[in-house]
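Participant: Here it is: the structure, laid out below.
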Amino acid sequence: MGSDVTALLDELTLAEKIRLVHGTADPDGTATGYVPGNDRLGIRPITLVDGPLGVRAMGERATAFPASIALAASWDPELAREFGTAVGRETAAHDQDVLLGPGVNIIRTPVGGRNFEYYSEDPHLSARTGVGTIEGIQSTGVAATVKHYVANNQETNRYEVSADVSERALRELYLPAFRAAVEEADVDAVMTAYNRVNGVHMSDHEFLLSDVLKDEWDFDGLVVSDWWGTRSTVDAAQAGLDLEMPGVELTEYLPELDADSFDADPSPPDGTSSDFPPIPDVSAYFGEPLREAIESGEIDESILDEKVARLLSMLESTGRQNVAECETGSPSDDSTGELDTSEHRQLAREIAIEGTVLLTNDDVLPLSESDSVAVIGPNADAAKLGGGGSSEVSPFTETGPLAGIESRAADASFERGVNPIAESSFFADSESADASEAGTSIDDAVSAAASADRAVVVAQDDATEFTDRDSIELPGRQNDLIDAVAEAAERTVVVLRTSGPVELPWLDAVDAVLETWYPGQADGEALAAVLFGDADPGGRLPVTFGRSAADYPTADETAFPGTDDVAQYEEGVFVGYRYFDDRDIEPLFPFGHGQSYATFEYDDVTVSETDDGCDVTVDLRNSATRTGTEVIQVYVGKSAAPVPTPERELAGFESVELGAGDSATVTISLAREDFAYYDEDSGWTVPDGSNTVHVGRSSRDIRATADVDVQ
Ligand code: NOJ
């Protein structure tokens, strides 16, 4: 604790300190969370705001960036840094101190309602994307909050479910992105998850909050609860929770919210408890009850002091508070930030392009300027901004696929084909909540497709916080629509706007499929740029596309959503492609997959041992007549380990743009630790002997393999 902080703590009364460890209503009504500060001593009020896809200040607008999964699909930490910087500047422009993002939870089940808010099924890709984002945010004087710590992998029964998971799986899969956020990006705040881990609510989890996060990783920032996610006073205070949010009842917090919408909680799948309220009915545990616990001696006041110190240090680290000057009552200047600049608009477009994954292309893309295009799809006239929940952003401007294509094609027509897909929204008065539209017909879509050179069908799912998806099928009659259009059209391109994998039963009947995730406000601009070849689709899959939900380790109800409030993580470290490889399941599209409009040759690959691990060097050549992006992926196989390990695990990657005919030599360095597995008795262990390095274009398209001994 710095001496300025200690001096300030000495001046604060017990009641004043208690005011700094739980939230209250924001008098301006714009922040998601608010701590009143202390006027007497010049501690500024602290505002916290959602979230991962852009700034969600209540009643305000901001740039709606592509969803986190799209950012991760770019496989480009530098782009993540640019995103973080932009969203940090918008946070500052809204005069908010702390951004409640990014979310780095591992995508464990393909139906997870918030998968679009997360990055990947892979810890390395999640960590790299998260570190870039956090460093960008914090470079603007705004604090980032990495969330939701930890194993918050489902929405069903999310306040009660216990992720029963081995320490090895926690260490190897679920914790690394948080650890990198702390150790590499020096993140200012960590948000606890709602769920329990091995029976203990995360807000009470002393092992994970104190032993691992604060002691082992040396986290000196603030641990904040998820909203209404604090579950006790004494246990939480002692376990390491520093700030209870929001500290007010739901009805007071969001008076305009349609409270009934929370009761519309999905009928819980069999085996889950249905009697649990959607939001725990809690009062402020860190208000009066904490004061009483201190006065009665149940908790030592030094525990409270540490929490306040962490809050003050966090504020100081952002530059938005000068603790020393507090005594004279003159907090430092706010940074003013910037909102909705042309740079931010361009960046939203660029991320959407770089995150777009070309899944398959039978020589139909790029489209030609002279093509007439039938744009088909129930929601193809509107941008897909994001999913429902706390990450919703209201943009200043937006372009849907239809407008984007109209601006580029010689001729464009539009048919919905089927009724609009409803878009879940946290806010009851959302414009997009109404899905009814009379007069749509598949026949009209078929006629339009038959009379155009190309049909582009835009399909989407509907994912939201609070609910997991029922399946990975496209909702409504979109599959029927695609079948019918594919039969009638000369060539058919399907554009997916989904939160993750979906089944593609018509795959063989169509000519190309693009996955654009939830592309944000620049949806149509980015799509047109990719369709017409102004830009290369730079994305690669951050999640495996299975043939159905049954292909994933969460197919059994004991694994997901769990029974008797417990989800068994029996699959251990075998999540995502690790599971598909282990069980020999053929994915529809593997992790890391994605095509460029260019073609790349791996002319030479060498792996050389170094003092600290090994270097992988690739001579890469673009053999096409156009510029394109390749993502070189390096996987390790811990073949010498005495325990079962995944066949391959991503350990390094590099996104490389090369002009027509150009070559580059790219070196990706791996450290010894990249070969380590977690032994529950002795900790991180590098297996002795010969391990394996695989270099490829995806987890299943390996171009070179070498043995290495890094001991
Ligand atoms: C609950 C969500 O889980 C969290 O991500 C969000 O930041 C808070 N609500 C505040 O909206």
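Using N, Cα and C of the backbone, Cβ positions are placed for all residues, glycine too.
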Participant: What range among 112-136, 462-486, 687-711 does TrEMBL describe as region 'Disordered'?
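Facilitator: The range carrying the region 'Disordered' annotation in TrEMBL is 687-711.
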Participant: Is the region 'Disordered' (687-711) packed against any residues at least 6 beyond its ends, judged by a Cβ distance under 8 Å, and which are they?
Facilitator: 540-541, 544, 577, 581, 587, 590-594, 600, 602, 605, 607, 609, 613-614, 616, 618, 630-642, 648, 650, 670, 672, 675, 677
Participant: Check the domain 'Fibronectin type III-like' (630-699) for me and report the mean pLDDT.
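Facilitator: Summing pLDDT over the domain 'Fibronectin type III-like' (630-699) and dividing by its length gives 97.
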